[in-house]
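Chemist: Provided herewith is a single structure, encoded as structure tokens, for subsequent inquiry.
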Amino acid sequence: MAGNSIGQFFRVTTFGESHGIALGCIIDGVPPGIPITEADIQLDLDRRRPGTSRYTTQRREPDQVRILSGIFEGVTTGTSIGLMIENTDQRSQDYSAIKDVFRPGHADYTYEQKYGVRDYRGGGRSSARETAMRVAAGAIAKKYLAQKFGVQVRGYLAQIGDISCDVVDWDQVEQNPFFCPDASKLESLDALMRELKKAGDSIGAKITVVAEHVPVGLGEPVFDRLDADLAHALMSINAVKGVEIGDGFAVVTKRGSENRDEITPQGFQSNHAGGILGGISSGQPVVAHIALKPTSSITVPGQTINRQGEAVEMITRGRHDPCVGIRAVPIAEAMMAIVLMDHLLRQRAQCGDVVSDVPRW
């Protein structure tokens with residue numbers, strides 16, 4: 001079955017291709033009475049939108065969202081919400097040279113082998129352009145989470161290449177095109193991007209996303225653990241090759257005595273687990289990290305084959321990002337928000353009447 005949907009109670013289905021007429025999504029399970037406008041959704045779409053800085057693809061799409069259904073007089077009605085974004089700046093001619101050639105590192109070869117046909121224009125369905133609708137759906141989830149539970153979901157660029165960015169100032173994240181929380185690293189990041197553009201090459205990145213004030217109890221053991229669903233959602237983002245929850249792979253070198261999150265009457269003393277224990281949220285901040293590969297759409301010549309199996313030298317044309325991780329921050333936020341909203345609705349349905357005497361912090 002086609003994997004175009006995510007979620008059970010809060011279910012998001014997306015459709016559309018990079019160079020098609022439009023992108024869209026259907027969102028089921030949104031409770032009625034939530035104030036939502038196109039402007040609310042547009043705020044996050046503008047953060048992801050291409051062509052807004054010299055460090056990202058120069059494809060200029062307004063990404064203007066249209067609400068088709070499910071919202072009346074500014075509030076959700078409880079019925080399916082339909083959203084659409086028109087594609088306006090396609091340059092399909094840029095891809096005519098790869099019609100019969102498989103770009104190395106891309107989905108061209110695997111899509112062709114799976115379906116026997118592929119839309120070669122900008123990667124078709126495999127393009128990161130599809131994530132615009134995830135961000136649109138995530139904006140609705142973020143609004144619900146904040147309004148009903150005080151949950152705040154936000155992300156930042158944690159690393160590009162060898163340049164690491166610590167959280168010095170959360171406010172700084174929205175003040176620069178890198179989503180970097182450390183202003184002292186901006187000059188180095190700018191120099192790296194210039195170097196990559198000159199060389200026609202690309203670089204990978206690490207993004208961190210944090211959800212604060214998440215209620216205790218979210219997650220459905222054993223197969224729908226909160227961390228399992230988060231890993232699934234984040235791993236589905238284009239170019240993501242790794243997901244960590246909490247300290248992730250760093251736990252390999254730790255002792256149990258230092259990794260366990262000890263509890264006192266005042267609360268947890270650490271958060272190595274990333275806010276999830278036994279697949280269930282602990283009430284601490286939920287923390288996840290994703291690693292994104294360097295894009296293969298570069299002008300450095302590389303080896304591949306054509307449809308006839310003949311050796312071909314490949315140079316990718318078109319408009320591309322030297323680091324796809326830069327625009328991944330709002331996408332990662334959206335996927336975490338979608339998963340959290342789905343689990344909040346599932347928790348309310350099954351355990352809404354449960355009252356525990358155990359302290360919460």
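Using N, Cα and C of the backbone, Cβ positions are placed for all residues, glycine too.
In case it helps, Swiss-Prot gives these features for our protein:
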type	residues	note
BINDING	Arg48, Arg54	NADP(+) binding site
BINDING	Arg125, Ser126, Ser127, Asn238, Ala239, Gly278, Lys293, Pro294, Thr295, Ser296, Ser297, Arg319	FMN binding site
Chemist: Taking the Cα atoms as reference points, how far is Ser297 (FMN binding site) from Arg48 (NADP(+) binding site) in Å?
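Modeler: Checking the Cα atoms of Ser297 (FMN binding site) and Arg48 (NADP(+) binding site) gives a distance of 19 Å.
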Chemist: Expressed to the nearest Å, what is the distance separating Arg48 (NADP(+) binding site) and Ser127 (FMN binding site) at their Cα atoms?
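Modeler: Pair distance, Cα basis, whole Å: 14 Å.
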Chemist: What's the CA to CA span in angstrom from Arg54 (NADP(+) binding site) over to Ser127 (FMN binding site)?
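Modeler: Distance (Cα to Cα, whole Å): 20 Å.
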Chemist: If you count other Cβ atoms within 10 Å of each one's Cβ, which of the binding-site residues Ser127, Thr295, Ser297 has the most?
Modeler: Thr295
Chemist: Going by DSSP, is Thr295 (FMN binding site) sitting in a helix, a strand, or coil?
Modeler: coil
Chemist: Taking the Cβ of Arg125 (FMN binding site) as centre, how many other Cβ atoms lie within 10 Å?
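Modeler: There are 19 such Cβ atoms around Arg125 (FMN binding site).
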Chemist: Taking only same-chain residues 6+ apart in sequence, whose CB is under 8 Å from that of Ala239 (FMN binding site), what do you get?
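Modeler: Ala239 (FMN binding site) has long-range Cβ partners Ala128, Leu292, Lys293, Thr295, Val324, Gly325, Ala328.
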Chemist: According to DSSP, collapsed to three classes, what secondary structure does Arg54 (NADP(+) binding site) have?
Modeler: coil
